[in-house]
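First the structure, which I've put down as structure tokens, then a few questions once you've had a look.
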Amino acid sequence: MKLKQRVVLLAILLVIFIFTKVFLIDNLDTSAANREDQRAFHRMMTGLRVELAPKLDHTLQSPWEIAAQWVVPREVYPEETPELGAIMHAMATKKIIKADVGYKGTQLKALLILEGGQKVVFKPKRYSRDYVVEGEPYAGYDRHNAEVAAFHLDRILGFRRAPLVVGRFVNLRTEIKPVATEQLLSTFLTVGNNTCFYGKCYYCRETEPACADGDTMEGSVTLWLPDVWPLQKHRHPWGRTYREGKLARWEYDESYCDAVKKTSPYDSGPRLLDIIDTAVFDYLIGNADRHHYESFQDDEGASMLILLDNAKSFGNPSLDERSILAPLYQCCIIRVSTWNRLNYLKNGVLKSALKSAMAHDPISPVLSDPHLDAVDQRLLSVLVTVKQCTDQFGMDTVLVEDRMPLSHL
């Protein structure tokens with residue numbers, strides 16, 4: 001080979017080497033925290049499918065005791081949960097020993113006590129899977145299947161801030177009426193050949209009951225958080241005003257996030273990043289109804305934002321309510337772990353993960369394909385929003401390490 005040819009070949013090899021090196025440096029995450037995020041994602045994917053098992057192995061504790069011990073200030077359940085299938089099986093099958101009207105609120109629900117003394121919230125089926133709820137994002141009844149799907153999305157995103165939820169079929173005549181309180185029993189009626197009830201709540205009406213298929217009603221049950229962890233309710237800083245024609249400050253003030261950062265509990269600690277996480281979560285499920293939120297009491301801002309009441313979601317797969325993402329695009333910050341997880345879930349991985357996670361639920365299929373496709377499409381919008389922030393302010397400003405002090409915000 002001539003000298004000139006050798007020089008050209010070496011030059012080509014050098015260019016290839018440089019580009020390879022740059023590519024590897026650009027794509028290889030050398031951060032120990034990010035490597036742990038990736039390992040956590042793979043562990044989650046490995047344990048994604050939860051088969052409902054009839055008994056607990058290697059423990060003398062009840063499923064209710066195990067679930068109660070899981071709860072700590074920053075998570076409702078741990079990353080690795082070999083007992084999860086047994087706990088959800090108990091939620092879906094344990095004998096109902098008492099039934100009452102649900103706790104106060106706007107939507108129909110029932111409070112059930114299961115064998116062993118565990119409280120769960122039962123939300124009845126109101127719509128078929130392919131029904132599209134028209135109107136505002138918060139229109140219509142609660143969707144029981146949305147609670148199930150939201151819980152599994154919480155697992156997939158690695159937040160672990162939603163109480164456990166599973167689908168359940170109940171026989172209103174044989175399981176509920178014999179143990180129902182007078183208050184709940186007084187709301188039962190028969191429509192055609194179907195047993196129905198309308199409960200007690202702000203919007204509950206005798207003219208709008210939830211009806212079983214005959215006596216059998218499909219619904220979801222949400223595990224009640226332990227009473228040793230009392231909840232505190234907060235006004236969401238990006239909530240709506242509830243007044244006709246009146247805008248909330250965040251809807252017109254471009255510097256609104258700066259004001260939020262100076263207000264407790266958002267001026268330090270993890271709460272503002274929790275708000276951002278929740279905005280991403282709510283946007284993915286299509287929930288524009290989180291105008292209040294709960295944390296644990298007396299936490300001085302250290303408690304997680306608990307993802308309760310996620311049923312005003314998955315109503316319309318065409319919904320693309322970008323205002324839900326207002327905390328993200330106005331503050332332009334996001335946890336590194338959340339950003340990493342979102343990137344792992346692109347290119348159809350999120351849809352596949354959700355289908356796999358919900359495959360063994362008693363009311364499977366939990367979501368229709370249009371809703372699953374919509375989640376994947378909304379994920380792309382979240383990624384684009386973060387990219388716009390990083391283009392404007394830089395990665396170091398936008399991506400916040402989870403473990404660092406947050407008073408600098």
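Note: Cβ is positioned from N, Cα and C throughout, glycine not excepted.
Bear in mind that the values here come from a model prediction, so they are computed numbers and not experimental data.
Copied straight from TrEMBL:
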ACT_SITE  Asp289  active site
BINDING   Gln107, Lys123, Thr222, Leu223, Trp224, Leu225, Glu294, Asp309  ATP binding site
BINDING   Asp142, Asp309  Mn(2+) binding site
DOMAIN    191-398  domain 'FAM20 C-terminal'
Which whole-number value in Å describes the distance between the Cα atoms of Gln107 (ATP binding site) and Asp142 (Mn(2+) binding site)?
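Counting only the Cα atoms, the answer is 7 Å.
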Near Glu294 (ATP binding site), which residues of its own chain have a C-beta under 8 A away, given they sit six or more steps off in sequence?
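Glu294 (ATP binding site) has long-range Cβ partners Leu231, Gln232, Lys233, His234, Leu305, Ile306, Leu308.
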What whole-number distance in angstrom separates the two most remote CA atoms of the ATP-binding residues Gln107, Lys123, Thr222, Leu223, Trp224, Leu225, Glu294, Asp309?
19
Of these binding-site residues, Leu223, Leu225, which scores lowest on Cβ atoms within 10 Å?
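Relative to the other binding-site residues in Leu223, Leu225, Leu225 has the fewest Cβ atoms within 10 Å.
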Could you list the residues of the same chain, at least six apart in sequence, whose Cβ is under 8 A from the Cβ of Asp289 (active site)?
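Pro137, Tyr138, Lys312, Ser313 - these are the non-local Cβ neighbours of Asp289 (active site), listed in sequence order.
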Which whole number is the mean pLDDT over the domain 'FAM20 C-terminal' (191-398)?
95
Which has the fewest other CB atoms in a 10 Å radius around its CB: Gln107, Thr222, the listed binding-site residues?
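Relative to the other binding-site residues in Gln107, Thr222, Gln107 has the fewest Cβ atoms within 10 Å.
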For Asp309 (ATP binding site) and Asp142 (Mn(2+) binding site), determine the Cα separation and express it in whole Å.
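Checking the Cα atoms of Asp309 (ATP binding site) and Asp142 (Mn(2+) binding site) gives a distance of 9 Å.
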Pop the Cα-Cα gap between Asp142 (Mn(2+) binding site) and Leu223 (ATP binding site) into the table, whole Å please.
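For Leu223 (ATP binding site) versus Asp142 (Mn(2+) binding site), the Cα atoms are 17 Å apart.
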When you measure from the Cβ of Asp142 (Mn(2+) binding site), which residues in the chain that are at least 6 apart have a Cβ under 8 Å away?
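Long-range Cβ contacts: Gln107, Leu108, Lys109, Lys123, Arg126, Ala311, Lys312.
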